[in-house]
Amino acid sequence: MVAPSGAMSDSESSSSDSSDAEELARCREAATPAWGLEQRPREAERPAAGTADTQAPAPQPSRRREVNQHDEDGNELQTTPEFRAYVAKKLGALLDSSIAIAEVWKKTQQARLQQEAKEQQEAKEQQAAKEEQAAKKEEDGFRLFFTSVPGGHEKEASPRPCRKRQPPSSSEDSDEELQRCREAAVSASDILQESAIHCPAKVEKEAEKKKLKKKAKKKADADLAAATGLEQVKEAGSVNGDPVLSGTKKKKKKKAKKAREASLCPPAECAAAEPKN
């Protein structure tokens, strides 16, 4: 029972190995190029595990035809020699035209580069000429101070003359100007008044006048009070018939009258009138 099973396993393994080898050969044939290149030498295949004694079968030949060996000899389109000559002529003319265009482009590029180089050279020459002229100007003349800048003797542009303002011709403008002048004008009395306000002597005099007025007012009040008291006494004396009280009453009336006059007049006049009395 054991021997037949072992024989069956060996036959199955040999058939599977042969199928694998065929598939590998087909893949290699499909992968190799078919345009006349020689096939690379195949490396020695390593025997798989368990198949050391078995040998791989030889690969089958490829059924694909090679280009160098078919009947048409590369003329797959089956063209005539005249057609091939015509196509070659057209291709040559096309190549010649493209080459000519490239040469013309190169010529124009070279001409443009030469023109740019020429312009740069001219610009450098002009700059050098300007520098030489500036150096000559600096050498001419002398410097008055070490801070003086050379070449500053050129005439500067004269400033534009300012236009004179023409006086207004209409009467309305003249009236407006007169009104403005009146508003801006200041009289001499206003100036003197402002200066007197800020003068300290004037302030002291005003304070003295106020004090004198207060004193005169107090004196007048006292005289009025005395006069009222005398009137009351006179009334009482007239009732009693006393002549002395009537004389004293007259004197007090005179004093009260003088006090009233002094309170009504300004303190400067009162001070001037006191020595006369």
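A Cβ is built for glycine as well, from the same backbone N, Cα and C atoms used for every other residue.
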Which one of 153-160, 161-168, 249-256 shows up in Swiss-Prot as motif 'Nucleolar localization signal (NLS)'? 249-256
For the feature phosphoserine in Swiss-Prot, which residue out of Ser11, Ser19, Ser238 does the record point to? Ser238
For the compositional bias 'Basic and acidic residues' (115-142), the DSSP residue counts stand at 25 helix, 0 strand, 3 coil
